[in-house]
Amino acid sequence: MNIRLPNAPLTDEQLQQLNNLLQGLEGWQVDWLSGYLSGYRAAQVGTAVMEAGPSLAEQAIKLTVLYGSQTGNTEAVAGQLAEKAKASGIEVKLWDMAEYKPRELKNEQYLAVLTSTHGEGEPPDNAMDLYEFLNSRKAPGLKGLHYSVLSLGDSSYEFFCQTGKDFDERLQKLGATAVIPRVDCDVDYDDLAEKWIAEFVGALTSSMQASAAPPSASAAMSQLETSVQYDRKHPFSAPLLENQLLSGRGSSKEVRHIEISLEGSGLQYEPGDALGVYPQNDPALVSMLIDALGFDADSSVELDEQQETLTNALMHHREITVLTRPLVEKWAELAQSDELNKLMESKAAVTEWIRGRDVLDLVQSYPLADIDANGFIKLLRKLPPRLYSIASSQAAVDEEVHITVATVRYNAHNRERGGVASTWLADRLAEDATIPVYIDPNKNFKLPADDNAPIIMIGPGTGVAPFRSFMQEREERGARGPNWLFFGDQHFLTDFLYQTEWLAWRKSGLLTHLDVAFSRDQTEKIYVQHRIREKSIEIWNWLQDGAHIYVCGDADNMAPDVNEALIDIISQQGNKSREDATEYLRQLTRDKRYQRDVY
Amino acid sequence: MNTKLPEAEQLKLDSRYLRGTIAEGLDDVVTGSISEDDNKLTKFHGSYMQDHRDLRDERRRQKLEPLYSFMVRLRIAGGVVTPQQWLGLDAIADDCSNGTLRITTRQTFQYHEVLKKDLRSLMQQVNALGLDTKGACGDVNRNVVTNVNPHQSSVHAEVHQISQAISDHLCWQSGAYAEIWLDETCVYQPGKSEEPFYGDRYLPRKFKIGIAIPPENDSDVLANDIALIAIIENDELVGFNVAVGGGMGMTYGETATFPRLATMAGFVPKDQIVKACETIAAIQRDFGDRSVRAHARFKYTIDDHGIEWFNEKFTEYHGEAMTAARPFELVRNGDRFGWIQGEDGQWHLTLYIYSGRVADTEALQLRTALREIAKVHTGEFRMTCNQNLIIANISPEQKPVIEQLVEQYQLDIGERVRHYV
């Protein structure tokens, strides 16, 4: 054997010595030597880093290159920039804008934005998300970010290079500093682009030599200290950031993705926790109720030792959409109605009557002769907060919290009715509204501490929300454990909640398996439990590998059906009696490997 | 050799005879799409993916993928289907697509808005009707179009048979079709050819053959890669004049692309015509420009090399030269609407179909009407290259039955467009 590698970084003499040595060695000796050499090298490098570490880190400039490209021209220029910068010793990350996480922006030091412009000054498709992010309320302060923009366009269009101009203006408004001015290129872009690259890279390298890299945008921002503790009793008034309908056209569902800012609140949450939301009653319902009672809407009532107008009390503080048995009992005492008294004789009859009815129905059906506003308010329960499983991870979204809300609407007893919180969020929330929120921790729905543990997530409908947070968290943590999601809903085309995100995670490898059941896309109804049964063998194998199972969503049908499917799988695949299989699942629960968040 | 093949060529070569990962893509139920590469391959299978553009942005915000669906186009040589086939094709429209059928300018049907989950079912139903979708798109011979001449029924029947023979002869052969769509077992073996004619790179580009029966030129025959003009002597079909290298397509802004009429090459007797077509397609297969896709159509091969070169190659490949082209005259290219009686006494009714769209609307229950006609019709349906429809071979006894249905559904027998013709 003779080493004859023209590229080997060895002198002829060294090569000769090496050849001499290798020729006399047995295979096992070569193996030993190769292990020895890597160990030798590791020790060497370790020392070197300890000596030179800090100064090296100070000198390295990190440049992120983002391109928005429709035809590939801009992408090609971005590639040229990346190469040139790398050659100058800059650490470069090159991103298709569509694949870049906009929230990373605030951690960047140096940024190059290259984009084309389309149609009437519109961004290319792959720049859309970033463009909208920067122009939204979610855009972070970017003080400390150094950037330059290269725009490609066609001067025969009215909005020549508009997207580049927009990016430039927006970055500047957010506090970023231009390293060199933006350059707008026409269809013959090559020379100008080359010049811009040279100047930009030149400016970066000279700043690299001049000083240490500047701190990132987030580090440059002043930290907001907060002394207030927000909790259930003291909810934080959180600004609404985004309220996006997820259900596609033609869906019979109305599910919303809601992003809320926690900035400055100091609120912290973990994947699996819930967000408590204090909703408002529908003002139309409130005024119907006040009318039915014949009260003055502005009259003052006593509420928790404070004075409030009747309208405010009913909108913000008292529950009016749910009838409780104690309320109906108290009402019956006051009403002296033979009919109501007769109804009260049968428990079942009351339960039946209560179903689908609210306080307005009670007031209209059995009017009270003499009750005043204060007396009425005293009969009512406090308006309880609603809990939503959190759909985001702070590791990914920082001071934001996301929830997934299915709007509840139905007709009962000849009146359109709806869920208090969900219709409030869907219909009555102004774009700049704030939402009173707090964190409701859930210790019993937590990712495994071991990042290598496999997890199986079963979350049809809005039950999928916490799993979005799980995936964000595991992605940010770089967790290596395999992830498997079972999702279901009515229709594939319109009800696949967060479809593009699951697909992206499957593509990146984070999501190992994605199985879906759409109940109404075929004649027979198919639900998640059917898919779970189809995958019996693999699920059993995953359990053997220490998988944790999470179930979130409907408690009445889905959760018991899934539970049943799991028992069958354990029993069949594990050759166990039903009793033993049930015990096996119980043990998983005790070991916190089977966790449920069902409602 | 170290030269890298252009993407489209490499894709065909790597596709294992048009299999790619189409089957895996169909089984992936979490997306309505297939991969970009597979989408190029499904064209050979008669289908390609589209998305609802107007909904793209809305669905992106909704975190839903674009609304993907597929167009599927059939191979129906000469555009002839039986009433039974019509009824089957009509049922498929409801079962697997958006409830409409479209007649194309190449005398075939296409379905729109077919969801991925319904593609296999559609292909199987088409197959059960004795039809397929092979080569309705892709770099192979496309649907063979033929004059629909209603009067000379015997000649039309013979020409139609020939168009069917050409279409079948130049149809791609790989087992991919049956495996992907019809659930048959995979027969692929590395190194084993499944395309005796096309080979593993198929043609450089799409390839079109059209037949005209003078004096009618409703098939716009000279716009085809191979233009066949039926030569009828003493009321009998003797063969075809053959012109090559036609094509009307061009790419805007690409000055090297241009429309071109086919150049007359000579005459071929009818019993030789299928083989002659294969020969010509083979010349394009071997000499077409595979390096620049915009320059890959047969018309550029002919334009670059000249007709003399072509005739030499033809003689070399075919073993025999063409004889001199015979005189002919093409005068009309529109459809002749309304009732026409053929030489054999059978009746033919040409209906005007707006944009070739067979659908039920409030104003016109066209699809229902044609379904009712198909239920009683004993002849056949012929689609025209102008996207209209002929109810052909109606016996004199049946004529009043059809007439009654035409009246009942207020079908347009061309009154509204006659002045264009």
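Glycine is treated like the rest: Cβ placed from N, Cα and C.
Annotated FAD binding in TrEMBL involves A:Thr321, A:Arg386, A:Leu387, A:Tyr388, A:Ser389, A:Thr404, A:Val405, A:Ala406, A:Tyr410, A:Gly419, A:Val420, A:Ala421, A:Ser422 plus, out of the candidates A:Tyr131, A:Tyr147, A:Tyr594, A:Tyr599, the residue A:Tyr599. Binding of NADP(+) is attributed by TrEMBL to A:Ser519, A:Arg520, A:Lys525, A:Ile526, A:Tyr527, A:Val528, A:Gln529, and within the candidate set A:Asp489, A:Asp554, A:Asp556, A:Asp561 the record adds A:Asp561 to that site. A simple Cβ count within 10 Å picks out one of the binding-site residues A:His118, A:Arg520, A:Lys525 as the most packed, and that one is A:His118. Of the recorded residues, A:Phe160 (FMN binding site) and A:Val405 (FAD binding site) place their C-alpha atoms 41 Å from one another. Residue counts for the domain 'Flavodoxin-like' (A:63-201) under DSSP, helix first, then strand, then coil, are 58 helix, 33 strand, 48 coil. Per Cα geometry, A:Ser389 is the residue among the binding-site residues A:His118, A:Ser156, A:Ser389, A:Val420 nearest to A:Arg520 (NADP(+) binding site).
For A:Leu152 (FMN binding site), the spatially nearest entry among the binding-site residues A:Tyr410, A:Ser519, A:Lys525, A:Ile526, A:Asp561 is A:Ser519, judged by CA separation. Taking the C-alpha positions, the distance from A:Val420 (FAD binding site) to A:Gln529 (NADP(+) binding site) comes to 31 Å. Mean predicted confidence for the domain 'Flavodoxin-like' (A:63-201): the pLDDT average there is 89. Here the candidates are the binding-site residues A:Ser156, A:Glu158, A:Val405, and by Cα distance the one nearest A:Lys525 (NADP(+) binding site) turns out to be A:Val405.
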